[in-house]
Ligand code: ADP
């Protein structure tokens, strides 16, 4: 190889190296430019016919005869360098417009090398001596082929080289057919020439054989490629079909999203909303048009950002999905609670391209939860209040204790552990009869509430009383599931009641005794008194005026004293009889005892010229004899305690509720308010016997009678004006 040829190869290879690296572009252009200049100058020498002195400028060529210009590169080589260096300059610039001309020039240089190489292989002087390429050395040709191929490959993805390197079917076809088109004719040609030289056949046949073999081999390879293309086409169609099907899946998915009840929203990676389904429109009130292109921030109340921000942050950092509950602001301003599932949306290479949010409206659920919490709190408060006040225990259907509160433990003196699992028999005080307990169980096992008082025995043996309510709680099967017993300690009040009852019984007994005594005493006193009084009367009748004045006075006192004592004993007897010797209560008209009383008082009424008026009187239940005494005492007093005026007495009756108030009004002397209570006490009088006669028993008797009839008696009065004595009688007054 000539020195300049080798130098040009090095320059071109340097430029190619720069181009392949995509750096040092200017240096590459300079190198290619130098190669171009050297080759052009060499070619010029052939044209102008004399040497420019560049051929042996560096190295002296001793191998080439002088007649052939020693050291000068062949014209074909020079032309090839011009082509390849121009191509390199154009391609190094990287301008897309220059790619195709650059590749065409590189191809020209490649063909030059190929022609030279083919000539050598076929040993056909006609070929390798073809035009200027005649003198190209074999290694030079090979280097040009390599340089051309390398230059084309350095711009593999552009221009028409891209057609061959393409992944598409055309590229595949070209890559398979080009080697056949290049290599096959050379091999076939070489074999045919070799066969002819060996004398197997006439060289004239070469053309025919070449045509036949080329047709067959090309036909076969084209057929093979067609079959392969057909297969590829079938695959493509299958892919298309699958793609179409995938398109349907997309439509189905879209339909599912649109008809879902959950609000499904998708966002791009930067948080911009890209889709908004119908449920989201319904749930948040915004249309897809209003929301696509916006962010979710519009729906998030200001104070509720933090919770979900963490979840979203995690998703952005790579988590696949997350969940949170949050508040959302509806377009109308109202707030709703949502449960949101957030997921990353990944493409087929697993790269996150956005976020999807699937939200369910849980406002109702939240509200119910809150209500439930509120109810629970209320129940807890109630329970706390109950525990504060009452003794509470819960038992299972068999009566085994499953729960006791602190008060239960305190009053029973047992620890909770000692009580749980036991039944109430451990507190049994043996006070209640078997029937009592049977009735209790019969009530609660039927699902009815039992209420009553129970005496229990504490651990230390002392007794306590509890007012108990046992409430059975029924199961779905209609049988009691548990019993809740609420008790309150009534030990103290039971003790008080017991004491009171004992005292009352004692009092009743002694009252009875006293009444009995008063009755017997007054009854028995009557007899001797009657004798004293009778004798005194006789004494008065026989000896009055016959003895001295002193004796008359004594007799008078004796008679009067005996009479007074008789009246006293009679009144006392009446008084003591009220409780013990009363008649049967029966329905009577009050007018009847009034009439009897008036008859008894007829003399007095006449004497004093008293007027008695009366309202219509009611029918009541009562003891006629006692009511006569009552009326007689009150009317008698009304006349007795008269003033200057002629006595006027009025008996009135007014109904109030189911009771009658009967009043006896007079225009007598009246009573000071201080004595309103006192006058009803036995033997209490406001006047001396000289002023007004009497025993002081009348009003006390009236009080006993009214009380026996279940009523009250009282007085209203203005001194000097008159008094009103009133008493109540119940419509249905029964014996007390
Ligand atoms: P007695 O009439 O025997 O004195 P009572 O028990 O009937 O006893 O009355 C007690 C006292 O009440 C009377 O002494 C009298 O002072 C007073 N009193 C009773 N009725 C009247 C009346 N209608 N007007 C004024 N004072 C009365």
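From the backbone N, Cα and C atoms, a Cβ is placed for every residue, glycine too.
Remember, it's a predicted structure, so these values are computed and weren't measured experimentally.
Feature list (source: TrEMBL):
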- 6-22: transmembrane segment (TRANSMEM)
- 29-48: transmembrane segment (TRANSMEM)
- 73-92: transmembrane segment (TRANSMEM)
- 104-124: transmembrane segment (TRANSMEM)
- 130-156: transmembrane segment (TRANSMEM)
- 177-198: transmembrane segment (TRANSMEM)
- 204-224: transmembrane segment (TRANSMEM)
- 249-319: domain 'PAS' (DOMAIN)
- 322-374: domain 'PAC' (DOMAIN)
- 362-392: coiled coil (COILED)
- 378-435: domain 'PAS' (DOMAIN)
- 448-502: domain 'PAC' (DOMAIN)
- 520-733: domain 'Histidine kinase' (DOMAIN)
Fill in the blank from the handout: Residues outside the transmembrane segment (177-198) whose C-beta sits under 8 Å from one of its C-beta atoms, at least 6 past its ends, are 114, 118, 121-124, 164, 205-206, 209-210, 213-214, 217-218, 221-222, 225
Completion exercise
Tertiary contacts of the transmembrane segment (29-48), defined by C-beta under 8 angstroms and 6+ residue spacing from its ends, are 4, 7-8, 11-12, 14-15, 18, 54-55, 69, 72-73, 75, 77-82, 84-86, 88-89, 92-93
Practice task
Could you tell me the mean pLDDT over the domain 'Histidine kinase' (520-733), as a whole number?
Solution key: 90
